[in-house]
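Student: Take a look at the following structure, please.
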Amino acid sequence: MNSLYTAEGVMDKHSLWQRYVPLVRHEALRLQVRLPASVELDDLLQAGGIGLLNAVDRYDALQGTAFTTYAVQRIRGAMLDELRSRDWVPRSVRRNAREVAQAMGQLEQELGRNATETEVAERLGIPVAEYRQMLLDTNNSQLFSYDEWREEHGDSIELVTEEHQQENPLHQLLEGDLRQRVMDAIESLPEREQLVLTLYYQEELNLKEIGAVLEVGESRVSQLHSQAIKRLRTKLGKL
């Protein structure tokens, strides 16, 4: 770590930048796999590079946060800001996501339990296969689910701030006052959906690796992930 400081004991920002440039590509590749093919890797790299520059410029070691942790927050935050500014999620996808969440909420209230895929599909008036495709189409928009939550419930619920960006919407919720409510909601999910969230967000397995654990394909994992997040939003939205 000494190579990151000048002879005067001042942090060498250029050396810090050079050492952590590979982190930008790592985070960009991790994010790209969750996005439509239309999102270019170069755009993510450029935004992430700006995030790293901001991290280098604003990092204060005296605050006690490791630079890697701080840099990852800045890099990911910059990439997500870039995606939000482009509003890449089609309106039809957002509409479908809302309709699925609404159907789930209505059924859960009526049944007193988690609704099955067949029940949700019937409520929407579509075949199960079409419902599963809808889950696939809407899964990518889950990156911004916490933004939609904030819009629905107001700024009094601080899920995301510039200084405290986290890596995913689930972690955003777990860092706030909603932690216990989120944990209770997760525990009420179907077992396979709980497992998907645990493997994806805590163990950081990718879709292919989770598929191997569950003995299903990547598309099925994506569907389960999408369905789990929608259930969480529905459960939390009632409270």
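These residue numbers are counts, starting from 1, taken along the chain as shown.
Any Cβ shown, glycine's included, is placed from N, Cα and C.
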Student: If Swiss-Prot is the reference, give me the range from 87-106, 107-126, 207-226 marked as DNA-binding region.
Tutor: 207-226
Student: Under Swiss-Prot, which of the candidate ranges 7-10, 39-42, 43-46, 227-230 is annotated motif 'Interaction with polymerase core subunit RpoC'?
Tutor: 43-46
Student: Where does the mean pLDDT land for the region 'Sigma-70 factor domain-3' (96-166)?
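Tutor: Computed over the region 'Sigma-70 factor domain-3' (96-166), the mean pLDDT is 73 on the 0 to 100 scale.
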